[in-house]
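The block underneath contains the structure these notes are about, expressed in structure tokens.
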């Protein structure tokens, strides 16, 4: 903790030295986007996106799970999403999965979670019952393979889902292929499952009334990302063909 305390103690002075004033934040916040991701310590949204204070509203949960919208069973996660959309009026929502996600891995392997009953309950009731991961994509199949198509999660591209444009930009820029499929078959299997998991969370978001209304009005964008913790590469979902391509 010592290094954290020392860093916190000097934070104000360092911000001032960099010419960054936090004073405007006293008047409120107007974040540009809601960023939903896992609690994993290797995933740092502000570092990945370059967001400055006040620009990114974050929701972090085990597995980056978005609970089903259910007023009979309110949750802090649903409240956070609703607040970001209805009150802060974010223009975009990013759901960002990541490589080697332990929560998704536990689901697809059917791990015994009896020693962590709260986690077991969260994955069972919030994420749904464990299910096998889709078949792994062989190395060298296009750009990182095709994300498994889950009928409940896959939605065709619309004018409000802008991930196709950002992913295509990365492909046209000649972004190098990721090393994500360079591991074992089990690694590729898990990566495919995480891709599907991201799409499932996006689908749940579409069923939140505040988001559904704004999608119909073209006032909000949904984006599916995948972050590789070992390379720093960010892939974006391309709704047109289900692939995840480098930004």
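Quick reminder: no glycine exception, Cβ is built from N, Cα and C everywhere.
Now, the feature entries from TrEMBL:
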- 38, 40, 98, 101: Zn(2+) binding site (BINDING)
- 124-181: region 'Disordered' (REGION)
- 140-177: compositional bias 'Low complexity' (COMPBIAS)
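Each of the binding-site residues 98, 101 was scored by other CB atoms within 10 A of its CB, and the lowest score goes to 98.
For the recorded Zn(2+) site, residues 38, 40, 98, 101 set the reference point as the centre of their Cβ atoms, and the other residues of that chain within 8 Å of it by Cβ are 37, 39, 42, 43, 63, 64, 97, 99, 100, 102, 103, 104, 227, 229.
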